[in-house]
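A.B. asks: From TrEMBL, here are the annotated features:
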- 523-681: domain 'STAS' (DOMAIN)
- 58-78: transmembrane segment (TRANSMEM)
- 85-102: transmembrane segment (TRANSMEM)
- 108-125: transmembrane segment (TRANSMEM)
- 137-157: transmembrane segment (TRANSMEM)
- 218-236: transmembrane segment (TRANSMEM)
- 248-271: transmembrane segment (TRANSMEM)
- 310-329: transmembrane segment (TRANSMEM)
- 366-387: transmembrane segment (TRANSMEM)
- 424-455: transmembrane segment (TRANSMEM)
Amino acid sequence: MNTSKERIVIDYAPLTLRQKLQIALHRLPKSIVNYLTDLLPIIQWIHHYNTSWLIQDMIAGITVGMLIVPQGIAYAKIANLDPQYGLYTSFVGVSLYCFFGTSKDISIGPITIVSLLVGQAITQVKNTHPEITGPEVAVTLSLFAGVVTLLVSLTRLGALVEFISEPTIAGYMTGSAITISFGQWPKLFGVQKVDTHDADYKIFYEFFKNLNTTRIDAAFGLVTLFILYGVRWGSARLSKRFSRCSKFLFFFNIMRSGLVVIVGTLISFLINRKDKDHPIIDIIEEVPAGFEAMAIPSLNFTVLKEASTVLPSIVVILILEHISVAKAFSRTNNYTINSNQEILAIGLRAFSRTAVMARSGAKTPIAGVFSGAVVVLALYVLTPAFYYIPEAVLAAVVIHAVLDLMAGPKFLKALWKTSIIEFMIFVITVIIACFLDIETAIYVSVGLYILLLFIRLSRPPVVSVGRIRSNTTPDIDIRQIQIYLGSESPSATESFNEYLDDIYNQGEGAHYIYVDEEDPNFSNLITALPEGILIIRPTQSILYPSANYISEYILNLVKARTRPANSNNTESNADVKPWNEVVSRHDVMQRVTAKPYLKAIVFDFCSVYRLDVTAIHVFLSLKSTIEKYARKEIEWHFCRIPNQDVRQLLIKSGFGQLPSSTEKEGEMVMNSSSSDAEAAIGKSTVPTKSSYYLSKGSVYKESTCSSMPIDKYPTFHWDIESAIQSINERIND
């Protein structure tokens, strides 16, 4: 056990390149095994699979499958594709996810926003190349989107998507919801002569212009929409009132889309069966049974050329929505996911199906296999019935689904209160999505947010630290002190009380809390720092965007709080004032002479987890500038350094040592060499004011810090207090 006289000296030797390579090679086999195992997560848990999980996965999978079928058909229509392609996508996604995914709740399948982007791409390509079919466009985009997400996953670059902020996501999702719902209005009302692929404002105008052509489809669409919202609202209210029926109401609620499609299809069949070639309402008509339309995809690179601007948007949306939803449900259900592996497993996914999967009690990703089985069953058995599905009913299902994507009043209110700038980015994103297109909205919003991010990185808050005296005067028995001093007279007691107040509340024995000196909560409590000492606290890592700004802040603070070394000649200083500074000669003289000389700068690095080369060069340049200003070497102290990377970089750059000479108002007071740790740090020599302080008072000081290890480098400290004490000991020696 170390005593106060046998203190540990910290000296972290930097690792050589050879040592780093040896460590990396030692870890390589295990890393390769972990990497390959992560590619197929199913092998990590399949041997634990049991009958109980199988039953619950089956229930959840079938439940979600009943939701996937109508959604797959509806989202295929959004993408300007035949209904069977939505079902193919749903089947493949949910079936393969169990092998590659790490979330038990995720349900892979078509999603509204990607369907919209694919639909816009199909329209764009067919306008210039009519010979290219919609499925060719969709297949090409899907393949290359899959390749990009695969590369992102294998190279573990999934964290890059976290540069896209929540307001950006909410903005394009809200804009997409508005665009999709506007595009469904004509189908909902049976209005003809409206191009649903135009901009939102054009659809809005054309819809109301042709509203007089409304057909009986409106009855199907509006009633369906009313039932969907009525069932959801009623189920939520009844579940709270009749808790015993909550399970039944839950399943009834999640199957509402499938039920209204079934009922609507039945009614459509009854009114159109006599003349199905001339239906009374718009229906989706022929849907191939089974997998007749499936084939080996043929790639058309003309599609990639024409729709290249859409592809990045599709990839970004796929990754963002999938990861955000997977993380949300993993937190809710208390398990973890692998983000990069989820990117690998991405096909297409919908939030509503994921919510149903989670609520249905899925235990493993195998639940998706049962959902796929339901889709296969629908493809082989129910395709004759799909012929009569009303377009208005599908439009109602789509509108009901996408309106949930819109940001609600609660989110907007919170965003406005949190950041008006981010609120404006959200509004701009929605406006661009409505008046131009989704991909432009995504690119503009991401660009604006990255610009905002760089502005914030380049202008971080830098805190000038002040101190507040804490009530740390020890509880001392005055009677024992009187006995020790050999005097019980009131004068001796009064003298000693004054001494205690001086030592513990004014002198170096006082303890302080260090806070932002501009914080209004502490404006009346701040006490002065020792003369010539500045404490600066950067609030984030110092990297190339912010290095010069922080350097300028420090230099301006030094000039504002201290006077230059040649300021003894006040006459000269008054004459050589800046040309653009309109002040009187008297003001200049008074301002200069009232400031102390700079002695030391203390940096609180508790938030500085990274330093780059630019930051180090800027710091060295700043150090040189300040020393020219002070006409002497200034002590640079660092406390609360958070990691060894920052520490080693500072050491390699020449920080950590005391100056070769330290001046006190122009006088040499000490020389210090750091070759020996104890010599570099120095003994605890504090200014004494009585024999008591010399013999007993220092015990209190040692009791607060001597148990801590000491650093080999004398300007590296555990906290601000020890840095101030170290500076004062040399200044007052």
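Don't overthink the numbers, they just go from 1 along the chain as shown.
Quick reminder: no glycine exception, Cβ is built from N, Cα and C everywhere.
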A.B. asks: Do at least three C-beta pairs under 8 angstroms join the transmembrane segment (108-125) to the transmembrane segment (58-78), pairs 6 or more apart in sequence?
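C.D. replies: In this chain the transmembrane segment (108-125) contacts the transmembrane segment (58-78) - 3 or more Cβ pairs sit under 8 Å.
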A.B. asks: At an 8 Å Cβ cut-off, counting only pairs 6 or more apart in sequence, do the transmembrane segment (366-387) and the transmembrane segment (85-102) clear the bar of 3 or more pairs?
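C.D. replies: Per Cβ check, the transmembrane segment (366-387) touches the transmembrane segment (85-102).
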A.B. asks: On the 0 to 100 scale, where does the mean pLDDT of the domain 'STAS' (523-681) fall?
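C.D. replies: Taking every residue in the domain 'STAS' (523-681) and averaging pLDDT yields 76.
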